[in-house]
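> Before we start, here is the structure in question, set down as structure tokens.
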Amino acid sequence: MSDNSQTRSRTRLGAGGLLKGAGLAWFLVATAGQWTFVWYILNVYGVTTATGNPQDWNETGVIVGYVGGDWFGNLMFAVHVLLAAVITMGGTLQLIPMLRKRVPALHRWNGRVFMVIAVVLAVGGLWMTWLREARLSDLGALGVSLNGVLILIAAPVALRLAMKRRIDPHRRWAMRLFILVNGVWFFRIGFMAWIIAMQGPVGSTPQLDGPFDLTLAFACYLLPLAVLELYFRAGRANAAAPKLAVAGLVLLLTLVTAAGIFGAWMFMWSPHL
Ligand code: HEM
């Protein structure tokens, strides 16, 4: 190998390491934010449900939470929010490579549970949105509904690929599913990061039908999915430049994610609720 090609290959290896490191940095920050979200769900919906006070669900300002006499709708809501905590926690465990290698049975079972819950949340969410009419605007509801439909596509694809032992495409689809399942979390932290950056709810209305709200209703999962595709492509690229560019983008988004988590904790999830 000539000196030149040795230097090029070393630069590529360094860039590849940086890309992986950026992905890991994002994942660690996001995991902290997702566990914070889980804490909120358990602290608010877990405690009120377990102590027999479901009417207190409404104190979070949900659109249609507890409705007196509507036992089925209330049950659906309880199942939705409580399983949301389980899937959010399970999703972070699923992506830890060490657990995957050392305890493959946990990965397999947690993965099956994750996919079943993803489908239950998407179907239940679609039911609450359109039949229980828990929506503020039709266009915003279309955003979260498309998120639900994409979950219903990605979950069986990821599962079938795992069952056929096609590990590489399985990994890619499982990561897409992870992003989709966290769409509602991205919405919350995206909203907060924006408010912090703009010093106020610019483009947002109380009905969540302002230009920013409606864009975010779709962008909260489409944008992270697009970044994930860039991450995959950069990982496969031969040159160092795309790896470095995507590593830089992911590091920048790690800061945005951290700001959004901070805002969500301060204004939505901390115990003052
Ligand atoms: C798959 C991942 C999902 C998670 C982790 C999740 C999580 C949650 C949480 C935590 C809440 C309580 C609201 C709060 O206190 O912030 C909630 C409510 C709700 N979710 Fe989901 N959700 C998911 C998917 C969906 C989907 C795909 C839809 C729609 C298609 C949906 C529709 C709803 C609706 C309508 C409510 C009630 C909101 C209200 O009345 O204000 N969810 N969800």
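The chain as shown is numbered from 1 upward.
In case you wondered, yes, glycine gets a Cβ from its N, Cα and C as well.
Sharing the record's features from TrEMBL:
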type     : residues : note
TRANSMEM : 21-42    : transmembrane segment
TRANSMEM : 75-97    : transmembrane segment
TRANSMEM : 109-130  : transmembrane segment
TRANSMEM : 142-162  : transmembrane segment
TRANSMEM : 174-196  : transmembrane segment
TRANSMEM : 216-232  : transmembrane segment
TRANSMEM : 244-268  : transmembrane segment
> What stretch of 21-42, 75-97, 109-130, 142-162, 244-268 shows the most Cβ pairs under 8 Å to the transmembrane segment (216-232)?
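Comparing 21-42, 75-97, 109-130, 142-162, 244-268: 142-162 has the most Cβ pairs near the transmembrane segment (216-232).
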> Can you name the far-off residues of the same chain, 6+ from the ends of the transmembrane segment (174-196), with a Cβ under 8 Å from a Cβ of it?
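Cβ under 8 Å, 6 or more out: 30, 33-34, 37, 84, 87-88, 91, 94-95, 111, 114-115, 118, 121, 144, 147, 150-151, 154-155, 158, 162, 202, 204, 212, 216-217, 219-221, 223-225, 228, 256-257, 259-264, 267-268.
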> Which range wins on Cβ pairs under 8 Å with the transmembrane segment (142-162): 75-97, 109-130, 244-268?
109-130
> May I ask for the residues of the chain that lie six or more residues beyond the transmembrane segment (109-130) and have a Cβ under 8 Å from a Cβ within it?
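That would be 64, 73, 76-77, 79-80, 83-84, 86-87, 90-91, 93-94, 141, 144-145, 147-149, 151-152, 155-156, 158-159, 162, 174, 177, 180-181.
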